[in-house]
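Database features, via TrEMBL:
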DOMAIN    5-52  domain 'NADH-Ubiquinone oxidoreductase (complex I) chain 5 N-terminal'
DOMAIN    69-343  domain 'NADH:quinone oxidoreductase/Mrp antiporter transmembrane'
DOMAIN    355-495  domain 'NADH dehydrogenase subunit 5 C-terminal'
TRANSMEM  20-40  transmembrane segment
TRANSMEM  52-70  transmembrane segment
TRANSMEM  76-93  transmembrane segment
TRANSMEM  114-134  transmembrane segment
TRANSMEM  179-201  transmembrane segment
TRANSMEM  207-227  transmembrane segment
TRANSMEM  234-252  transmembrane segment
TRANSMEM  301-323  transmembrane segment
TRANSMEM  343-365  transmembrane segment
TRANSMEM  386-406  transmembrane segment
TRANSMEM  418-438  transmembrane segment
TRANSMEM  512-531  transmembrane segment
Amino acid sequence: MPLFSSNSSEILLTFYIDGAGLMFLSLVLAISSAVLLFSGSYMKEDFYISRFILMVLLFVLSMGLLITSLNLISLLLGWDGLGVVSYVLVVYYQNEKSNAAGMITAMTNRVGDAAIMLSIGFMIEIGSWNFMYMAEDMMPKQITSLGVLIILASVTKSAQMPFSAWLPAAMAAPTPVSALVHSSTLVTAGVYLMVRFYPLFTNSKVMVVLTLTAFLTTLMSGVSALKECDLKKIVALSTLSQLGVMIMTLSLGFPRLAFFHLMTHATFKALLFMCSGKIIHSMGDTQDIRSMGNLVNSLPLTSAFFNLSNLALCGFPFLAGFYSKDLLVEVILMNDLNSMTLYLMAMMTGLSSAYSLRLTALSVLNSPSTPSSLMASDEEPLVSSAYIMLGTLAILSGAILSWLFIPAPHLILLPPLLKTFALITTLSGVVIGLILALSFEGRPLTLSEFFTNMWLLPTISGVVPSRLSLDTNKKIMMVDLGWAELWGGKGGNTLLAGLAALLPKGPLAAMFSYQLIGGVGGISFINLYLLG
């Protein structure tokens, strides 16, 4: 599409729509429509709801531009648009918590923006920013350097270690924002970018580092979710865990499977966020799962879809998550990968089942430890429509997308034990989650300060840099008002005033000044002449 032309130069805006991009864009639009339906009920009492809807639509537009971009310039517009609009949405409530969350979100995403800008500058040497054929025109060192920059941008947007602190903090945003941003748009943009640029990831050492980073992210978020009591943070940590699964899958050499899991995960995670927001709203804005329970009787529709999305997250047979998770484990078993990779993937699958079932048992099925009042029902037409739309996707999307991603049926021959390995791992995680829920006493374990606080990443990312900068500012201010002032402007002024007092006054002052200037100028000229 031509934008403008000057003489013989024409500026074109090019869109690239292939099968993967079209499927992802369709899914984003479907989830966005459900989120907007949900927003009409959830935020109906908000005075600025029209502004909120406009921001959400601008967010979806930025995501669409990112998905259909063919070159890095237009991709940066969508990429940066996601970051800017997400900051505006996170600080929507304008309180101290949301402002702090918005700042850490914006500052972390700036690292990824800088990496994209460096990639644009790096590709000037090639003569084109089109990333369709870039791998064919680049030297191996150039491919590795550009691949590292793209990976850096992706891990910041997808909140991988050590950039994980911003994702749970962004839960300060309204629930519809969380349902859209943390399921199918902002956090998955990094994974989608890596899928697009996968031909650049040829350096095996870089991929090993990426695999370890993704595993550590999944382990950290999964263990933190097992002891977290904030409902929205548990769901955010589960998103972080699944993002680690996607990136680890991609780093092992299966970008198509990573994208498949991205698509299935987006459907049930948006539904899970919606149900969580409805539960919190109905419980008088209480987010502590210890004060919840017995929601099956009070919120039957929300509880049903909440359990449905949690079971899909566990990988329950024939739901959306089952098709991607089971296929991933089977492909690892079929390929020539070491046993450690299989054990790591099994641990990640079991963790997801454990924290999902713990969440269901404590928030929905358990008797509440403290009485709470129900503030709303779940029978509103807009809410029910959004639930049914995403619930249908959570049930059918896995089966439908499996035929789209793998059009020709591949026969996977495995012994019964290995075939049921993924299911056994899921059931083991379910048992662990139920044990943790039944033995829950509300007290932290000995090491839980480290393990449940995301390995102190929020402190390292937020508190330490702020205190460091504040202490540095205080010291600079002390120096500025102390020695710097004494030997700087004030001291120089005092010295010049003292020297001026020694100079003669009256008519002799001008003659003395001329003689002084002439003497200094003459000596300088003689020195220059002799040195020359």
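The backbone N, Cα and C atoms fix where each Cβ goes, glycine too.
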Between the transmembrane segment (179-201) and the stretches 20-40, 207-227, 343-365, 386-406, work out which stretch tops the count of Cβ pairs under 8 Å. 20-40
Interface check, the transmembrane segment (20-40) with the transmembrane segment (386-406), three or more C-beta pairs under 8 A: yes
Kindly say whether the transmembrane segment (207-227) and the transmembrane segment (343-365) touch, using the definition of 3 or more Cβ pairs under 8 Å where each pair is 6 or more positions apart. yes
Cβ pairs under 8 Å only, please: of the recorded stretches 76-93, 234-252, 386-406, which one is richest in them relative to the transmembrane segment (301-323)? 386-406
Over the span of the domain 'NADH dehydrogenase subunit 5 C-terminal' (355-495), how high is the average pLDDT in this prediction? 67
Which residue counts does DSSP give the domain 'NADH-Ubiquinone oxidoreductase (complex I) chain 5 N-terminal' (5-52) for helix, strand and coil? 28 helix, 7 strand, 13 coil
